[in-house]
Amino acid sequence: MTARPRRSCLYMPGANAKALEKAKTLAADVLLLDLEDSVAPEAKAEARAQVAAAVQVGGYGKREVIVRVNALATPWGRDDIAAAGAARPDGILAPKVESAAEVRALDDAMSAAGFGADASLWIMIETPHSILSLAEIAAAAKRTRLAVFVMGLNDLAKETRARAGVNRAAFFTAMSLAVTAGRAEGLTVIDGVYNDIADAGGFEAECRQGLEFGFDGKTLIHPSQIETCNAVFAPTDEEIFRARAVIAAFALPENAGKGVIKVDGRMTELLHLEEATRVVAVAEAIASRA
Ligand code: COA
Ligand code: MG
(Lines of atoms letter the chains of each structure in order from A and count residues from 1; the text may use other names and numbers.)
(Lines give C-alpha, C1' and ligand atoms only; values in the text may rest on other atoms or scores of the structure.)
(Ligands and ions follow the chains in the order given, each with its own letter.)
Protein backbone atom coordinates (compact mmCIF):
# COMPACT_ATOMS: atom_id res chain seq x y z
CA MET A 1 0.00 0.00 0.00
CA THR A 2 1.45 3.36 -1.01
CA ALA A 3 0.65 5.73 1.79
CA ARG A 4 2.82 8.68 0.99
CA PRO A 5 1.12 11.70 2.61
CA ARG A 6 0.38 14.39 0.04
CA ARG A 7 -1.84 16.63 2.14
CA SER A 8 -0.08 19.96 1.69
CA CYS A 9 1.59 20.71 -1.66
CA LEU A 10 3.25 24.13 -1.53
CA TYR A 11 4.08 25.99 -4.73
CA MET A 12 6.98 28.38 -4.80
CA PRO A 13 8.37 30.44 -7.66
CA GLY A 14 11.60 28.88 -8.92
CA ALA A 15 13.01 32.38 -9.28
CA ASN A 16 12.57 33.02 -5.54
CA ALA A 17 15.78 31.83 -3.84
CA LYS A 18 14.48 32.81 -0.41
CA ALA A 19 11.40 30.60 -0.79
CA LEU A 20 13.49 27.63 -1.97
CA GLU A 21 15.58 27.99 1.18
CA LYS A 22 12.65 28.61 3.52
CA ALA A 23 10.96 25.43 2.22
CA LYS A 24 13.53 23.35 4.13
CA THR A 25 11.92 24.45 7.39
CA LEU A 26 8.25 24.17 6.39
CA ALA A 27 5.92 21.28 7.27
CA ALA A 28 4.59 20.80 3.74
CA ASP A 29 4.37 17.19 2.55
CA VAL A 30 5.23 18.23 -1.01
CA LEU A 31 7.21 21.13 -2.48
CA LEU A 32 6.24 22.22 -5.99
CA LEU A 33 9.20 24.18 -7.35
CA ASP A 34 7.64 26.22 -10.12
CA LEU A 35 9.22 27.09 -13.45
CA GLU A 36 5.89 27.83 -15.15
CA ASP A 37 3.19 30.43 -14.35
CA SER A 38 4.99 32.17 -11.47
CA VAL A 39 8.19 32.74 -13.49
CA ALA A 40 8.35 35.51 -16.10
CA PRO A 41 9.71 34.58 -19.57
CA GLU A 42 12.91 36.63 -19.02
CA ALA A 43 13.59 34.73 -15.79
CA LYS A 44 12.96 31.18 -17.08
CA ALA A 45 16.57 30.14 -17.68
CA GLU A 46 17.83 31.53 -14.40
CA ALA A 47 14.97 29.94 -12.43
CA ARG A 48 15.65 26.58 -14.12
CA ALA A 49 19.32 26.67 -13.11
CA GLN A 50 18.50 27.81 -9.59
CA VAL A 51 15.88 25.08 -9.05
CA ALA A 52 18.17 22.39 -10.46
CA ALA A 53 20.96 23.50 -8.12
CA ALA A 54 18.63 23.58 -5.09
CA VAL A 55 17.33 20.07 -5.84
CA GLN A 56 20.83 18.73 -6.35
CA VAL A 57 22.10 20.17 -3.07
CA GLY A 58 18.98 18.87 -1.31
CA GLY A 59 18.25 19.35 2.38
CA TYR A 60 14.49 18.91 1.95
CA GLY A 61 14.28 15.86 4.22
CA LYS A 62 11.18 13.71 3.78
CA ARG A 63 9.36 16.34 1.76
CA GLU A 64 8.52 15.14 -1.74
CA VAL A 65 10.23 17.46 -4.21
CA ILE A 66 8.47 18.03 -7.53
CA VAL A 67 9.55 20.47 -10.26
CA ARG A 68 6.75 22.12 -12.20
CA VAL A 69 8.06 22.38 -15.75
CA ASN A 70 6.76 24.41 -18.67
CA ALA A 71 4.65 22.59 -21.25
CA LEU A 72 6.45 20.63 -23.97
CA ALA A 73 4.86 22.93 -26.54
CA THR A 74 6.70 25.97 -25.11
CA PRO A 75 10.32 26.95 -25.83
CA TRP A 76 11.29 25.92 -22.28
CA GLY A 77 9.60 22.56 -21.62
CA ARG A 78 12.27 20.16 -22.93
CA ASP A 79 15.13 22.03 -21.26
CA ASP A 80 13.19 22.12 -17.98
CA ILE A 81 12.69 18.33 -18.03
CA ALA A 82 16.33 17.73 -19.01
CA ALA A 83 17.59 19.93 -16.16
CA ALA A 84 15.21 18.28 -13.69
CA GLY A 85 16.31 14.83 -14.85
CA ALA A 86 19.92 15.69 -14.09
CA ALA A 87 19.04 17.02 -10.63
CA ARG A 88 16.74 14.06 -9.74
CA PRO A 89 13.75 15.44 -7.86
CA ASP A 90 11.01 12.93 -6.93
CA GLY A 91 9.17 13.86 -10.09
CA ILE A 92 7.82 16.58 -12.32
CA LEU A 93 4.48 18.37 -12.61
CA ALA A 94 3.46 19.20 -16.18
CA PRO A 95 0.91 21.92 -16.99
CA LYS A 96 -1.96 22.03 -19.51
CA VAL A 97 -1.98 18.31 -20.33
CA GLU A 98 -4.97 17.47 -22.54
CA SER A 99 -4.52 13.93 -23.86
CA ALA A 100 -3.06 10.48 -23.20
CA ALA A 101 -0.61 11.10 -26.06
CA GLU A 102 0.79 14.09 -24.15
CA VAL A 103 1.17 11.96 -21.02
CA ARG A 104 3.15 9.41 -23.02
CA ALA A 105 5.31 12.16 -24.56
CA LEU A 106 6.08 13.53 -21.09
CA ASP A 107 6.90 10.05 -19.81
CA ASP A 108 9.25 9.49 -22.77
CA ALA A 109 10.88 12.87 -22.11
CA MET A 110 11.41 11.84 -18.48
CA SER A 111 13.09 8.61 -19.58
CA ALA A 112 15.32 10.53 -22.01
CA ALA A 113 16.24 12.93 -19.19
CA GLY A 114 17.44 10.06 -17.01
CA PHE A 115 14.53 9.76 -14.58
CA GLY A 116 14.21 6.28 -13.06
CA ALA A 117 11.06 4.18 -13.14
CA ASP A 118 10.25 5.21 -9.56
CA ALA A 119 10.01 8.92 -10.41
CA SER A 120 6.47 10.24 -10.68
CA LEU A 121 4.68 12.29 -13.26
CA TRP A 122 2.15 14.76 -11.92
CA ILE A 123 -0.10 16.65 -14.33
CA MET A 124 -2.28 19.73 -14.08
CA ILE A 125 -5.97 19.35 -14.90
CA GLU A 126 -6.70 22.92 -15.90
CA THR A 127 -8.15 23.29 -19.39
CA PRO A 128 -11.58 22.50 -20.89
CA HIS A 129 -10.04 19.74 -23.05
CA SER A 130 -8.42 18.13 -20.04
CA ILE A 131 -11.79 17.92 -18.28
CA LEU A 132 -13.45 16.43 -21.36
CA SER A 133 -10.69 13.80 -21.76
CA LEU A 134 -10.18 12.86 -18.11
CA ALA A 135 -10.90 9.14 -18.50
CA GLU A 136 -8.50 8.78 -21.42
CA ILE A 137 -5.81 10.83 -19.66
CA ALA A 138 -6.09 8.83 -16.43
CA ALA A 139 -5.93 5.52 -18.32
CA ALA A 140 -2.49 6.55 -19.62
CA ALA A 141 -1.24 5.83 -16.07
CA LYS A 142 -1.23 2.11 -16.92
CA ARG A 143 2.01 2.27 -18.91
CA THR A 144 3.59 5.53 -17.74
CA ARG A 145 4.85 7.25 -14.55
CA LEU A 146 1.57 9.20 -14.24
CA ALA A 147 0.71 9.20 -10.52
CA VAL A 148 -1.00 12.47 -9.56
CA PHE A 149 -3.66 14.86 -10.86
CA VAL A 150 -3.50 18.48 -9.66
CA MET A 151 -6.53 20.72 -10.17
CA GLY A 152 -5.65 24.08 -11.72
CA LEU A 153 -8.78 26.08 -11.10
CA ASN A 154 -7.29 29.51 -11.77
CA ASP A 155 -6.55 28.49 -15.35
CA LEU A 156 -9.84 26.63 -15.69
CA ALA A 157 -11.70 29.76 -14.54
CA LYS A 158 -9.85 31.82 -17.11
CA GLU A 159 -10.52 29.33 -19.93
CA THR A 160 -14.18 28.64 -19.15
CA ARG A 161 -15.07 32.07 -17.71
CA ALA A 162 -16.74 30.26 -14.82
CA ARG A 163 -16.37 32.02 -11.47
CA ALA A 164 -15.42 30.35 -8.22
CA GLY A 165 -17.94 32.40 -6.19
CA VAL A 166 -18.29 31.52 -2.53
CA ASN A 167 -18.42 27.73 -2.74
CA ARG A 168 -16.98 26.86 -6.18
CA ALA A 169 -20.33 25.52 -7.43
CA ALA A 170 -19.35 26.25 -11.02
CA PHE A 171 -16.43 23.79 -10.65
CA PHE A 172 -18.23 20.91 -8.92
CA THR A 173 -18.47 18.89 -12.14
CA ALA A 174 -14.80 19.33 -13.01
CA MET A 175 -13.65 18.60 -9.45
CA SER A 176 -15.78 15.49 -9.12
CA LEU A 177 -14.85 14.15 -12.56
CA ALA A 178 -11.14 14.63 -11.80
CA VAL A 179 -11.44 12.72 -8.51
CA THR A 180 -13.51 9.96 -10.15
CA ALA A 181 -11.19 9.55 -13.15
CA GLY A 182 -8.13 9.65 -10.91
CA ARG A 183 -9.53 7.05 -8.53
CA ALA A 184 -10.48 4.80 -11.44
CA GLU A 185 -6.74 4.41 -12.07
CA GLY A 186 -5.50 4.60 -8.49
CA LEU A 187 -4.05 8.11 -8.81
CA THR A 188 -3.55 10.71 -6.08
CA VAL A 189 -5.75 13.76 -6.74
CA ILE A 190 -4.90 17.20 -5.31
CA ASP A 191 -7.24 20.19 -5.06
CA GLY A 192 -6.51 23.67 -6.47
CA VAL A 193 -5.17 26.74 -4.65
CA TYR A 194 -6.97 29.29 -2.49
CA ASN A 195 -5.79 32.72 -3.60
CA ASP A 196 -6.88 34.89 -0.64
CA ILE A 197 -3.91 34.34 1.67
CA ALA A 198 -5.34 36.56 4.44
CA ASP A 199 -8.68 34.70 4.66
CA ALA A 200 -7.90 31.81 7.01
CA GLY A 201 -11.56 30.94 7.59
CA GLY A 202 -12.36 30.74 3.90
CA PHE A 203 -9.24 28.64 3.36
CA GLU A 204 -10.20 26.12 6.04
CA ALA A 205 -13.72 25.82 4.63
CA GLU A 206 -12.28 25.14 1.18
CA CYS A 207 -9.91 22.48 2.59
CA ARG A 208 -12.93 20.73 4.17
CA GLN A 209 -14.86 20.98 0.92
CA GLY A 210 -11.92 19.44 -0.96
CA LEU A 211 -11.79 16.59 1.57
CA GLU A 212 -15.51 15.94 1.03
CA PHE A 213 -14.99 15.77 -2.72
CA GLY A 214 -12.37 13.07 -2.13
CA PHE A 215 -9.15 15.00 -2.78
CA ASP A 216 -6.04 13.68 -1.01
CA GLY A 217 -4.67 17.15 -0.34
CA LYS A 218 -4.55 20.71 -1.56
CA THR A 219 -2.09 22.87 -3.44
CA LEU A 220 -0.97 25.91 -1.42
CA ILE A 221 0.62 29.24 -2.20
CA HIS A 222 1.77 30.47 1.21
CA PRO A 223 3.39 28.92 4.31
CA SER A 224 0.51 30.19 6.49
CA GLN A 225 -1.79 27.67 4.76
CA ILE A 226 0.22 24.53 5.64
CA GLU A 227 -0.86 23.79 9.19
CA THR A 228 -4.61 23.94 8.56
CA CYS A 229 -4.27 21.90 5.40
CA ASN A 230 -2.25 19.16 7.14
CA ALA A 231 -4.82 18.96 9.92
CA VAL A 232 -7.86 18.80 7.65
CA PHE A 233 -6.44 16.15 5.30
CA ALA A 234 -5.06 13.88 8.05
CA PRO A 235 -7.27 11.05 9.31
CA THR A 236 -8.91 12.07 12.62
CA ASP A 237 -8.17 10.23 15.87
CA GLU A 238 -11.65 8.76 15.70
CA GLU A 239 -11.14 7.53 12.13
CA ILE A 240 -7.84 5.91 13.12
CA PHE A 241 -9.45 4.31 16.19
CA ARG A 242 -12.30 2.89 14.09
CA ALA A 243 -9.92 1.69 11.41
CA ARG A 244 -7.82 -0.18 13.96
CA ALA A 245 -10.98 -1.75 15.40
CA VAL A 246 -12.02 -3.00 11.94
CA ILE A 247 -8.57 -4.48 11.28
CA ALA A 248 -8.51 -6.14 14.71
CA ALA A 249 -12.02 -7.59 14.25
CA PHE A 250 -11.23 -9.16 10.88
CA ALA A 251 -8.04 -10.62 12.39
CA LEU A 252 -9.96 -12.58 15.07
CA PRO A 253 -9.84 -16.37 14.49
CA GLU A 254 -13.64 -16.62 14.58
CA ASN A 255 -13.88 -14.11 11.71
CA ALA A 256 -11.36 -15.84 9.46
CA GLY A 257 -12.66 -16.13 5.90
CA LYS A 258 -15.72 -13.97 6.57
CA GLY A 259 -16.78 -11.30 4.09
CA VAL A 260 -19.03 -9.38 6.45
CA ILE A 261 -19.02 -8.98 10.24
CA LYS A 262 -20.38 -6.61 12.85
CA VAL A 263 -17.93 -4.14 14.40
CA ASP A 264 -19.19 -1.83 17.13
CA GLY A 265 -22.78 -2.44 15.97
CA ARG A 266 -22.12 -1.58 12.31
CA MET A 267 -22.16 -3.82 9.27
CA THR A 268 -18.52 -4.06 8.19
CA GLU A 269 -17.43 -5.65 4.91
CA LEU A 270 -14.08 -6.44 3.36
CA LEU A 271 -14.26 -3.12 1.49
CA HIS A 272 -14.22 -1.41 4.90
CA LEU A 273 -11.17 -3.47 5.85
CA GLU A 274 -9.40 -2.24 2.74
CA GLU A 275 -10.22 1.39 3.57
CA ALA A 276 -9.25 0.84 7.23
CA THR A 277 -5.87 -0.52 6.15
CA ARG A 278 -5.33 2.56 3.98
CA VAL A 279 -6.31 4.96 6.79
CA VAL A 280 -3.89 3.33 9.23
CA ALA A 281 -1.08 3.32 6.66
CA VAL A 282 -1.60 7.04 5.98
CA ALA A 283 -1.77 7.82 9.70
CA GLU A 284 1.46 5.93 10.33
CA ALA A 285 3.21 7.67 7.45
CA ILE A 286 2.11 11.04 8.86
CA ALA A 287 3.25 10.10 12.36
CA SER A 288 6.66 9.09 11.02
CA ARG A 289 7.14 12.63 9.66
CA ALA A 290 6.32 14.46 12.87
N1 COA B 1 6.96 29.13 -0.46
C2 COA B 1 7.95 29.33 0.42
N3 COA B 1 8.09 30.43 1.17
C4 COA B 1 7.19 31.41 0.98
C5 COA B 1 6.14 31.29 0.06
C6 COA B 1 6.04 30.10 -0.69
N7 COA B 1 5.06 29.90 -1.58
N8 COA B 1 5.39 32.39 0.09
C9 COA B 1 5.95 33.21 0.99
N10 COA B 1 7.05 32.62 1.53
C11 COA B 1 7.93 33.17 2.58
C12 COA B 1 8.48 34.52 2.23
O13 COA B 1 9.68 34.36 1.54
C14 COA B 1 8.67 35.12 3.60
O15 COA B 1 9.84 34.54 4.16
P16 COA B 1 10.61 35.26 5.38
O17 COA B 1 9.70 35.28 6.55
O18 COA B 1 11.82 34.40 5.59
O19 COA B 1 10.93 36.64 4.88
C20 COA B 1 7.50 34.57 4.40
O21 COA B 1 7.12 33.35 3.72
C22 COA B 1 6.31 35.50 4.44
O23 COA B 1 5.92 35.86 3.14
P24 COA B 1 4.94 37.10 2.86
O25 COA B 1 5.66 38.38 3.06
O26 COA B 1 3.69 36.90 3.63
O27 COA B 1 4.58 36.90 1.34
P28 COA B 1 5.29 37.60 0.09
O29 COA B 1 4.66 38.94 -0.12
O30 COA B 1 6.76 37.52 0.23
O31 COA B 1 4.84 36.64 -1.09
C32 COA B 1 3.44 35.65 -2.76
C33 COA B 1 3.49 36.53 -1.51
C34 COA B 1 2.02 35.42 -3.17
C35 COA B 1 4.22 36.36 -3.89
C36 COA B 1 4.15 34.32 -2.41
O37 COA B 1 3.46 33.76 -1.31
C38 COA B 1 4.26 33.33 -3.53
O39 COA B 1 5.10 33.48 -4.41
N40 COA B 1 3.45 32.23 -3.52
C41 COA B 1 3.54 31.17 -4.49
C42 COA B 1 3.11 31.60 -5.87
C43 COA B 1 3.22 30.48 -6.85
O44 COA B 1 4.12 29.65 -6.81
N45 COA B 1 2.27 30.40 -7.82
C46 COA B 1 2.24 29.36 -8.81
C47 COA B 1 1.16 28.36 -8.56
S48 COA B 1 -0.45 29.01 -8.35
MG1 MG C 1 -1.81 26.86 -14.57
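Each residue, glycine too, has its Cβ placed from N, Cα and C.
As annotated by TrEMBL, domain 'HpcH/HpaI aldolase/citrate lyase' applies to 7-223. Residues annotated as substrate binding site in TrEMBL: Arg68, Glu126. Among the features that TrEMBL reports, Mg(2+) binding site is placed at Glu126, Asp155.
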Cβ atoms within 10 Å, counted per site: which of Glu126, Asp155 has the most, among these binding-site residues? Glu126
Please give me the CB contact count at 10 A for Arg68 (substrate binding site), counting all chains in the structure. 25
Whole-number Å distance separating the Cα atoms of Glu126 (substrate binding site) and Asp155 (Mg(2+) binding site) is 6
Between the C-alpha atoms of Asp155 (Mg(2+) binding site) and Arg68 (substrate binding site), the distance in angstrom, to the nearest integer, is 15
Return one of helix, strand or coil for Asp155 (Mg(2+) binding site), based on DSSP. helix
For the domain 'HpcH/HpaI aldolase/citrate lyase' (7-223), what is the mean per-residue pLDDT, to the nearest integer? 98
